[in-house]
Each structure stands twice: as C-alpha cells, then as structure tokens.
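What follows is a set of notes on a single structure, which appears directly below.
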C-alpha cells in the first residue's frame, strides 16, 4: 500500500460570477496594480490518500472531487498527486 | 397530518419552523435529529434555516450526507412534501433534489430584511393559497442566496412552471430573480426567504402563513380521499 500526497484546488467555473475575486481586483486597482485582471478566488485542500497504485489513488481523488470537494454545478477542480517518500 | 422538522448541528430556524406550522395549521410537529433513518411516518418534512455543519466546505454540502437526508430522498420519491427554507434550500440543491446551486450574494453582504416576492406558480401544493402574480412580503436572512443554474436548466424551470417565487427586486443577484423553485415532481420546494418569519402581524407580515396552510390543505385532501376510497 502506497501513500500519496494530494493538493486539490477548487474554484468557480469561468461562467459563474465571482464577487470575491471582483472585490479583490478592485482593491488591487486601488493600490495601483492596474494590470491585475480576472482575479478568481478558490479553495485549496491538502490530504493524503492510500492506494495500491497511483491510478487507483487518482481515481479515488477524482471521485472525492466530483462528489464532495467541489460542486460541479458551479465549480471546477484540479489536483496534483505525488507518492510520499518515507 | 404530521410534520417533521429535521435538525442538523448548526440549524437555528428549526424551532421557528415548528412553531409556524403549529400556529398556522394546528398540526403536530416533531423535531427530528439529523441521524434519523426513517421519516416515513411524516406527511411533510421541513429542512430549516441555519448553518448546518457550520456551512463547512459549502452551504449544505456536509448535511447532504446525513442519514436524515437519505430518508428525505426516499420520502420525496414517495411523493411526500418537502420544504427547504434558506439553508434547507442549500441542502436540497447539494443533494440534487433540486437543480442549481446557491452562491455568495453578488455584493458579498449578508442581507437580513423584508423583501417583496412575486408568486409565479399558484398550482403547487405549497402555493395554492396564493394568487398568481400576487406580491407578498417575506423576510430574507442570507449571505449565500444567489441562485445559479445553467441557461438550459433555468429555461426548463420556467417552461415547466417550477419557479415558485421571484424577487420583485433581487437582493442577491440570483439568475432570473429566482427566490424559490419546485422539484420535478412538484412535491419539493426550496426557497431562500423565511415564510416562518412572516406569520403574525407583529412580525411585519403574515404572508408566510398561506404557504404552510397550502401544504396542510393539500395533504389533508389527499388523506380524506384515501379514507373515502379505503
């Protein structure tokens, strides 16, 4: 059994208005960062999973993302997975 | 008829909902803890407002996995009436018992105020005591009430008469000004406004009374019909 380190990012789909991102973008402009655009705010989650193979671990992480960690109606996700070296 | 109000850790409108049912219908109401696995003895179930599981991850996201919500799913299939108010609406969308999702208000503020709603459907078990197009006053109290769904879903809701209530002046940026929607079978209603907070004159409005009375009437007629055929 191997252990994998997983980093999951979840953010609103491009088609969904992100009022937090919008507010932060305004703040950046106020500070003079005129070039800052398309600010989107998301969530970062860190976890470890176990599995016999990397493929199995990936499948399990994808199910977690689809069923719990993100809501596909409004959000999208990405993740990185690395085997932990003991 | 008999009602259940499901109580999650973090629910805070459960007592108000139970009180509203008693005051407007005279029916029996049980407060049922979220670990209940069987709700078949109830004719109507309310998922109340509040912050179930601290709204962790997303509003309603954790409550969705509680045994009571699985039990609710079975009763929905049986045709029982299920009413989700505010956080209860969020739980219903997360559970896919209703389409769409509720997002942060477009101005990021928590809004707690009386709003004007337009009744868009008066044939459902929840809205039959209202007039079509009637304007009613019901308070809201939410920070995440911006209804979102893709354009096809919104078109379906509109064409199938499943938009129950619309805001006269949207307080949150909801698509199509949607305040409350019905499920496919018409026996599930989710809405962000709080009808249980509009049942006495001193509350500023009594327009919420008829929602509970509609449900009561609908169920009692069904029970009478069943008795006549027995």
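Don't overthink the numbers, they just go from 1 along the chain as shown.
For all residues, glycine too, the Cβ spot is worked out from N, Cα and C.
TrEMBL entries are annotated by machine, without manual review.
Fair warning: this is a prediction, and the values are worked out from it, not measured in the lab.
Straight from TrEMBL, the features:
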type	residues	note
ACT_SITE	B:86	active site, nucleophile
ACT_SITE	B:194	active site
ACT_SITE	B:196	active site
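Around residue B:86 (active site, nucleophile), the C-beta neighbours below 8 angstroms that are at least 6 residues distant in the chain are B:13, B:48, B:49, B:50, B:140, B:141, B:142, B:145, B:191, B:192, B:193, B:194.
Sequence-distant neighbours of residue B:196 (active site): residues of the same chain at least 6 apart with a C-beta under 8 Å from its C-beta are B:13, B:16, B:17, B:19, B:20, B:48, B:85, B:208, B:212.
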